[in-house]
Each structure stands twice: as structure tokens, then as C-alpha cells.
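Asker: Pasting a structure here, questions to come.
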Amino acid sequence: MGCGHKDDKASLASSQIAFSHQPHQPPSTPASKEVWKKGGRMFSILLAVHLALLACTLVSSGAFEKIAVHDYDVFFLLTVMMLIVIIWIIFYLAGTSRCPDAILCKDSHAGPIWLRGGLILFAIFSLVMDVFKIGYYSSFYSCLSAIKIIYPIVQAIFVVVQTYFLWISAKDCVHVHLNVTRCGLMLTLTTNLAVWMSAVTDESVHKAHSKLKKNVTEEIFRWLLKAGMRSSSAEACNCNSQICQIFKNGYFWLYPFNIEYSLFASAMVYVMWKNVGRFIDHHSHHIHRLKFRLFRRTFFVGIVLGLITLVSGLGVLILYEVQVNSNTESSKKSQALTMYYIFNIVCLGLMSLVCIGGSVIYRFDKRDMDRHKNPTRTLDVALLMGAALGQYAISYYSIVAIVASTPRDAISALNLTYALLMIAQHTFQNIFIIEGLHRQPPKEDHKHDSHQKDLYGLTFVNINAVTLRVPDTGSTLAPSTASGTEANHLSDLVRSLTAPKKMNWRRKFLREISMFLLLSNIILWIMPAFGARPQFDNDTELNFYGDSMWPAIVDICLPFGIFYRMHAVASLLEVYIMS
């Protein structure tokens, strides 16, 4: 495998020469190189769009029973795509390891440790989900299509290979095989999105049918057995054993982790795609080595309030699941909805106020704005703004249904307040996060002269004692032998010692706000991801929009709202560390 490539060989060589002679300035690339760079990107984008449309067509068609597209057709396409991506990743790792000039620089902002750590966490749960899938489908292997067992095996290998690839290569700025690398990264991104669409569709269909299972048992039974099973022996495929039920329920409960894994991987692959062929100006591209200190320089208020919110939310989630799914009484259902709405109203109200307070504190922040080119930050902002549209849509649909419907009861009033606060909280939180991401990290203390360094080296500094020796300007108490320059010097010293203490309160409050919002977003992600979805249990929207339109709206928009919460957690962690 060669290090060069045919289409960009000459231009790359000239770029490398310029880069080596001018290490502090980006190389001057020819106009033809820039034009072909855009052409290579456009080709890879077109490839990704066509594959995404094909996958979306098959996934959406396979969700309906009357369409002659089965889920094993979807599994076959996804299996082929994942195998191609695995082969390409091996090609990429082998090619970059053999060529010393493959990676001339790295993007310090791409693939931060907390993002890669979250990716590994979701990858572990995804592997457990694949194990449960294999165990579930193996329970009635004799009447299944073989692809339904091959698919989770290939997906597990895909998760392992891709996680290793992103862990070691997320910061790479590749300069060999540019067009092949762009197409490979776009294929990887499209494959993750296709797996995400398949998981979201499968989970949504499962939850929608589980709501109707008590009334239409035979229809649900036919739906569960329709795809990938031979019609002659469909009755033999019934999942009756206890271990089969454990596998079945287990992998459906683990779907949210697999969904988040696909989205996290897609975001990291997109940043890698943007960095292909990129030269980083190390003179202006500052590398900030920030340490994550959770229990230092904090009042613990944000952590304590966040933990209280998290634990309370888990209790509300358990009670909601028990009362809504285990009872058919309308009074129990109303109590569960009331409890859910009250908790969310209080939580969203506090989060909105805290975000407003954080934005006000930023108005007094003296740190400079970070205006350097940063693909990772640009993607973070775009994902925050784009994913929030899903929850905006659900909230506005709910507001229209509640206002136009009659009669109105207490649950409708709580639902209306919940929808309005959801819109406000998303808006204020986006403003707070975006401002935090665009701030420069706190600078180190300024250099001091030898006299100041001696004083800073002391374990205890008595500021009052130093202050007593500093005469005020024009004061008669100043000794005649003390010159004005020495007095000014000591005055500057006192101000330099006391200034950091006056400035630290802003950073402390920002850290408390970030930690509270982080923990609150975790519980607001857990609740809808693991079954607490009042959109299906509240009859106002269902009666207003109908049995077909409203579930479709929720199924399309809610995954974006769930992803928003998890992405907000990652962004808030970065804001916390940068504060």
C-alpha cells in the first residue's frame, strides 16, 4: 500500500514543502488543489446522500406490515454496509501506520477524552444488546432467516472495530488517499445513521405495539412473527421460554444506548471528514491542557441540587412506569401524568432560571472570545440547534392541540405549561452552552517579578500586614524615606494578590450552573429514553390529531429530543471544564 495518491500527489508534495519551511503559518495551497478538495468533498457527500436515502427507504418500508419489504432485507443492507466499513477501517489503519507522512498534524479540539469515554460506555451497552439479540434469535433458529442472527454478530464486530478506530484516530488530519478517505468516512457516517434509523424505527414500533397489546393480542402476535420467519412454521417461532423473554426485553431496554452510540460515532466521524487534508497553524491554534477537577474550587451547590433532581427523577420514572403500564384505571393514569408534569415543570423552570443567570454572568466575564477555526465546536453548535427542533415541534403541536381542544382540565393546563417551559428551557440552555463553548479557557496567572514570586511562594500571606505598609497617595502617614515608586509597587502587589479572589466567583458560579444542568439533562434523557412518554398516554393530542398522525409526529421528532439531551450533557461537561 503506497503512501501517495494519484490525483493529489503533486499538490500535496508542494504543500508539504511549504509546511516544513513555515511551521507557524498554514501552507499556501494552489487554486487547483482547493478546487479539487471541494470536488472530492462533493463526491463523498453525494455518495452519502444516496446511501442514506436508500437505507431510509428500506427502513421505513420495513416498518409497515402491508409493504412487501421485510426487516431481513434491511438487515442484509446494513450488514453489507458494516462489512465494507470494517474493511475500509482496516485499510485506513494499515495505510496510515505504514506511511510516516500520512498524518502531519492533529486537531487538539477533536475527540476530547469525555466524548471518547462516552463512546466507549455506549459501545459496551451496545455489545450487551447484540449478545441479547443473538440469544433471542437463537431461541428459535429453525424458523428464522439466517441474516437475523448474522446481523447482530456483524454489528458487534463493527462496534468494536469502529470504537478502536475512533479512539486512536479521532484527532487525525490525514494527508494521504484524500478522496478514498473522504468517501470511507462518509460511508462510515452513513452506516451509523442507517443503524440509528433502524434502531429508532424498531424501538418505536415495539413501544407503539406494546401499548395496544392488551386489546389486539392476535394482531400484535402476527406482527411480531411476520418478518424473517417462514410462514409454514410460524407457530413454532413463539417465544415462550423464560430465557427467551429475558433476551427479548433486555435488548429492547438497551436500544437507547445503541442509538446514542450511533449518533456519537457519526459526530466524531464528521469531524474527521472535515479534517481530511487540513493543515493546522500551530502558532494560532492554541492547545489548552485543561484538567478535570470535579471537587475543587466548587461550592457543591450545583452537584447537590443536580443529584437531588436525578434521584427524584428516577423515582418519578419508576412510579410512572408502574402506574401507567401496570394499571388500566384512569385515575391511576391521571395521577401518574400529574406527577410527571409537576416534576418536569419544576425541573425545567429551575434550569431556565439557572441558564438565564449563567448568561448574565457571561456578560461580566472578561475572557476573550475564541474565534479560531474549530470544526468540533461548529458541529456542536449545529447539533444543539438542529436537535432542539425535534422538541420544539412536539411542544408546538401540543400547544395547538391543548388551546384548540375543549374541555380543558388540570392535566391539560399542566401539559400546556410543560410545553411552554420546554421551549424556553431549550432556548436559554442553547444560549448558555454556545456562549460557554466560544469562551477562551482561563489563563494562567501572569508572571511576576522576583519580589512578587517570593511573596507568592509563602504558605500564608497576611494581606492586612502588607496593606498597612502601603501608604495611600497623598497620605501624611507615609514615611519620608519611602519613594512613590515603592509605594506604587506595593500597591500593585496587593491588588495582584487580591484580584484573583475577586474574579473567581464568576468561574465558580459557572461551574455550579454547568454541573446542575449536566445532571438535570441526564435525567431528562433517561425518562423518555426508557419509556416515560406522556405523548402516548395523554389523550388530548391523540384525540386532536388522530391515531395515525400524532404517533408519527412523536416517532419522528422524539429521537431528536432524546439526542439533544445527551449531546447537551457532553457540551456542558466541556463548558464545566473550560470555566
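Numbering starts at 1 and runs along the chain as it is shown here.
Cβ coordinates come from backbone N, Cα and C, glycine included.
Because TrEMBL annotations are produced automatically, they should be read as predictions rather than curated entries.
What TrEMBL records for this protein is below:
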- 42-62: transmembrane segment (TRANSMEM)
- 74-93: transmembrane segment (TRANSMEM)
- 113-137: transmembrane segment (TRANSMEM)
- 149-168: transmembrane segment (TRANSMEM)
- 252-273: transmembrane segment (TRANSMEM)
- 294-320: transmembrane segment (TRANSMEM)
- 340-362: transmembrane segment (TRANSMEM)
- 382-404: transmembrane segment (TRANSMEM)
- 509-530: transmembrane segment (TRANSMEM)
- 550-577: transmembrane segment (TRANSMEM)
Asker: Could you pull out which residues elsewhere in the chain have a CB under 8 Å from any CB of the transmembrane segment (509-530), counting only those six or more residues past its ends?
Answerer: 253, 256, 297-299, 301-303, 305-307, 309-310, 313-314, 316-317, 320, 344, 347, 350-351, 354-355, 357-358, 361-362, 365, 429, 432, 436, 558, 561-562, 565-566, 568-569, 572-573, 575-576, 579
Asker: Using a Cβ cut-off under 8 Å, which residues of the same chain at least 6 positions beyond either end of the transmembrane segment (550-577) come close to it?
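Answerer: The answer is 112, 114-115, 118, 200-201, 204, 208, 256, 259-260, 263-264, 267, 290, 292, 380, 383-384, 386-391, 393-394, 397, 426, 429, 432-433, 436-437, 510-511, 514-515, 517-518, 521-522, 524-525, 528-529, 533, 535-536, 541-542, 544.
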Asker: So, do the transmembrane segment (113-137) and the transmembrane segment (252-273) meet, by the test of 3 or more Cβ pairs under 8 Å (sequence gap 6 or more)?
Answerer: yes
